[in-house]
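Notes follow the structure.
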Amino acid sequence: MSGEDIVEIYTDGACSGNPGPGGWGVLMIYKDREKELCGGEQATTNNRMELMAAIQALEALKRDAHVRIHTDSNYVKDGITKWIHGWKKNGWKNAAKQPVKNAELWRRLEAAISTHQVSWHWVKGHSDHPENDRADALARQGMAPYLPSK
């Protein structure tokens, strides 16, 4: 499969305080087209926003696709590629037998990837990676309406 047949997705989440107001941002690239998405919530966590970025990106795809998701969140990458199998086997409990945090978002992410061929790639955050920097700016843009007025 050529690189032109792959949707490249860059995701990021941001939070002012943890918990606090937060936002998510997505940059999607397919061939010569780009699409930007962002949103936010009043009271959330950074991990929830990282998950929402990936979910929103995948849910925005109009047809089954080969997808490369680039994230600076090991929580998201490891959660969906490694930990989720054990969580499901253990009734959505973690290794300490506690309920998995953000289980509803993990289920939503799992459903969102089910029709796509997805590979997950970690990128170092805030390291002058242009596409990741754009996703970060979009996450901050998504968070902005929820920040207290100065």
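We number each residue from 1, going along the chain as drawn.
Cβ atoms are placed via backbone N, Cα and C, with glycine included.
Reduced to three states, the DSSP call for ASP72 (Mg(2+) 1 binding site) is coil. The Cβ of ASP72 (Mg(2+) 1 binding site) has ASP12, TRP122, VAL123, LYS124, GLY125, HIS126, ASN132 as same-chain neighbours under 8 Å, each 6 or more residues away in sequence. Among the features that Swiss-Prot reports, Mg(2+) 1 binding site is placed at ASP12, GLU50, ASP72, with the record citing sequence analysis.
Per Swiss-Prot, the feature Mg(2+) 2 binding site maps to ASP12, ASP136. DSSP assigns ASP136 (Mg(2+) 2 binding site) to a helical segment in the three-state reduction.
The domain 'RNase H type-1' annotation in Swiss-Prot covers 3-144 and rests on sequence analysis.
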Item to check | Coarse DSSP state, helix versus strand versus coil, of ASP12 (Mg(2+) 1 binding site) | outcome: strand
Checklist outcome for this item: Sequence-ordered list of residues in the chain of ASP136 (Mg(2+) 2 binding site) that lie 6 or more positions away and have a Cβ within less than 8 Å of its Cβ, or none, is ASP12, ALA14, GLY25, GLY125, HIS126
Checklist entry - Counting all other Cβ atoms within 10 Å across every protein chain shown, which of the binding-site residues ASP12, GLU50 scores highest? => result ASP12
